[in-house]
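**Student:** Copying in the features that TrEMBL gives for the protein in this structure:
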- 9-265: domain 'Glycoside hydrolase family 65 N-terminal' (DOMAIN)
- 322-718: domain 'Glycoside hydrolase family 65 central catalytic' (DOMAIN)
- Trp359, Asp360, Lys619, Gln620: substrate binding site (BINDING)
- Glu498: active site, proton donor (ACT_SITE)
- 729-790: domain 'Glycoside hydrolase family 65 C-terminal' (DOMAIN)
Amino acid sequence: MNPEPWLFTYEDFAPEREGLREALCTLGNGYFATRGAAPESHADGTHYPGTYLAGGYNRLTTDLSGQVVENEDLVNMPNWLPLTFRLEGEDWFDLRAVTPLEYRQVLDLARGLLLRTVRFVDARGRRTRLEQRRFVHMRDKHLAGQEMVLVPENWSGQVRVRSALDGRVINAGVPRYQRLQGRHLRTLVAEEVDAQTLLLEVETVQSRLTVAEAARTRLFVEGAPAEHSRELLKEEGYVAHEFTVSLTEGQRLAVEKVVTLYSSRDHAVSEAAMEARHAARTAPERFEDLVSTHAQAWTHLWRRADLTLELAEPNGTHRVLRLHIFHLLQTVSPHSIDQDVGVPARGWHGEAYRGHIFWDELFIFPFLNLRLPALTRAILRYRHRRLPQARQAAREAGHPGAMFPWQSGSNGREESQSLHLNPRSGRWVADVTSLQRHINAAIAYNIWQYYQATADSEFLYFHGAEMLLELSRFWASMAQWNPALKRYEIKGVMGPDEYHTGYPDRAEPGLDNNTYTNLMAVWVLCKGLKVLRLLPAERLQELRETLRLEDSELAHWDEVSRRMRLVFHADGMLSQFEGYEQLQEFDWEGYRARYKDIHRLDRILEAEGDTPNRYKLSKQADVLMLFYLLSAEELRELLERLGYRMEPEMIGRTVEYYLQRTSHGSTLSGVVHAWVLARRDRAASWRLFSEVLHSDISDVQGGTTQEGIHLGAMAGSVDLIQRAYTGIEVRGGMLHFNPYLPEELRRLRFSLRYHKHLVDVDITPDTLRLTGLWSDQEPALDVCVRGKCLRLPPHETRTIPLGP
Ligand code: BGC
């Protein structure tokens, strides 16, 4: 196996890119994640060590010149990384104070390890080799570990080693949030447990979430326990062990730090600190044993999640796709199944968007549905548990049913901020993005897609149908009858394009008849009606009784789903919203010339005292989301149901029109556009796909990745390969293929899960080979390749020629 597509290697230390690398080298296991900060570092403008517990939120209020704002943040938990050293007569190790002879940092995707090697010479001419390894254990979610190896190359003498747990951290990872309160933790316990073990227990000040970390540090010289002296250091929120050990030239000192992390929200625990202490004491003896069980867990995950590519020209594509899968699985993993967590837009990798959950799962679930559907199910349950809050929110807005928040955190209330800072102008601006009610279509869509991919009728029975019905109810109520037009309308909302928040001449924010919202509302109502036919009679009756769902209400849903208004331009093109056609064209050329980077036109225009609301421009795909989510056939059926017609050639014109007017201010934008171009213009699609691939590794949004990865774009890029170019669709109880590989792709292999079947898929430009990998217990699988159906029995292979 060529190791290269599994390794990310950095050959230098570049302070200006360290924040980005820390985000990209984050290690996590779905339960907690720790940024790839150097173990000797602290938050100093270059480094930002951060450890985040999945779903570990806390709320704080800040007085912003008289306006009190409350924010719920993903809390930066105590830093377990500190493990460093000083050579006799020198200060504590600082890369900037020595002369590096060799520097290498490697993220090993196959084994989930972060490695760093530094050879350096200090002011006294002593040459030392330093090797570090780190993991966040993928099998035992409470474990993490670090190893530090020191070899004196040309000297003998004393080394002092410090291993600490640091709870003095605050949330300061996002410069834009710096004026907001960031002190979330209070220390409960900081103590020495025994000669090797430290304990730190903290509590979040508002949510009262207790987190305990224990660290066991052991020293070995030439593989045998080392003679050393020990000292304990304690400060408020901080506890450390310092060990002094003597080394002779060429001897190998290995320091092994095993850390355990528990919280008061865990299952099967008595009390967090007690568990952390106990787990640290009983963890396997040696670091190497932990590495091997950890790496094995990753091997098992990769078997389910990997894809192999052969490219016409080998380049970094394969590696980046794996990096994206890697970060997805570190954010949501089999450990998520037993937790109450959603999938955060920026991973548990940083503090951007405060760890909140948006609609981005729409771009993430399609990959999981066909690989690890149990994860989708777990994350959908995060929504279901918050159904009472969503019902309450709908009621407060004057609607029946359920209205989920645009940004969700701990308990499912709306967590969108009320003000945000435009770093360009320095002004705090009202944030009305929570008007993106379309999240309530995304959740319905996700439930439906999960069901299509898995046929999990139990999920539908207990959770899915209830949510779909409550969402249908909400959308039917959002639609208001316009007697003059004899159509239903949805007013005062925002579409996915966050640059349009309202009309320039209207005080109230929000737009009318956003096409994406209106049509997806119709889609939800159709599925709401359909799910009634899928439920067994007794459950249907139960739900209709509990929700008081009368025939008249269902008839109303049907009526709305046939008479929703869509707004078209004069030439018959779908308009982004009512009034869009009358907006001014934007001076793209002029702005490109004036500003190097025009991704964030909202900030640029606000700083100029202008607003995007006046122009035909968008941050990201809006109308085109429809072509991303719905097949051409489905879209045609929906339009017909509404009594509208769209000539097939109009799709191409619509794509062209909106693509030209999009600044791609969200990394999600490239995913959607690459998708809608996949069959229309393969070269353009591949170009956009390549841009999505670079979103995070090259930090195309200019400084945002260091605050957290963009998980939607990461998963979306993998899904472009998995579904867009293979034409895989799950609908109507059938698995469909319609491959159309870009020229750059010579071959693609992966195995997918569909209902109870596991299928090996092997695609070249000329053939599609499908192999049934499931057991004889399950029947053959009917699949459709370019509209022709065939039967695939278990353990057999079918090779289907793919003509041009
Ligand atoms: C995008 C949203 C997205 C959010 C979180 C915003 O920039 O406009 O569509 O949900 O980021 O990723």
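Here the Cβ of each residue, glycine as well, is placed from N, Cα and C on the backbone.
Computed from a predicted structure; not experimentally measured.
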**Student:** Give me the Cα-Cα distance between Asp360 (substrate binding site) and Glu498 (active site, proton donor), rounded to a whole Å.
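**Tutor:** That separation, Cα to Cα, works out to 14 Å.
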**Student:** With DSSP as the reference, give the number of residues of the domain 'Glycoside hydrolase family 65 C-terminal' (729-790) in helix, strand and coil.
**Tutor:** 0 helix, 38 strand, 24 coil
**Student:** State the count of C-beta atoms found within 10 angstroms of the C-beta of Trp359 (substrate binding site), not counting that atom itself.
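**Tutor:** The Cβ of Trp359 (substrate binding site) has 23 Cβ neighbours within 10 Å.
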**Student:** In sequence order, which residues at least six apart in the same chain have a CB under 8 Å from the CB of the residue listed as 'active site, proton donor'?
**Tutor:** Thr433, Gln436, Asp602, Lys619, Gln620, Gly665, Ser666
**Student:** Determine which residues of this chain, when Trp359, Asp360, Lys619, Gln620 are set aside, have a Cβ within 8 Å of the centroid of the substrate site's Cβ atoms, and list them as they appear in the sequence.
**Tutor:** Phe358, Pro496, Glu498, Ser666, Leu668, Ser669, Gly712
**Student:** Counting across all protein chains present, how many other Cβ atoms fall within 10 Å of the Cβ of Lys619 (substrate binding site)?
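**Tutor:** Result for Lys619 (substrate binding site): 22 other Cβ atoms within 10 Å.
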**Student:** Across the record's substrate-binding residues Trp359, Asp360, Lys619, Gln620, the largest CA-CA distance in angstrom?
**Tutor:** 16
**Student:** Calculate the per-residue pLDDT averaged over the domain 'Glycoside hydrolase family 65 central catalytic' (322-718) and state the result as an integer.
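**Tutor:** Its mean pLDDT is 97.
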**Student:** Of Asp360, Gln620, which of the binding-site residues has the most Cβ neighbours inside 10 Å?
**Tutor:** Asp360
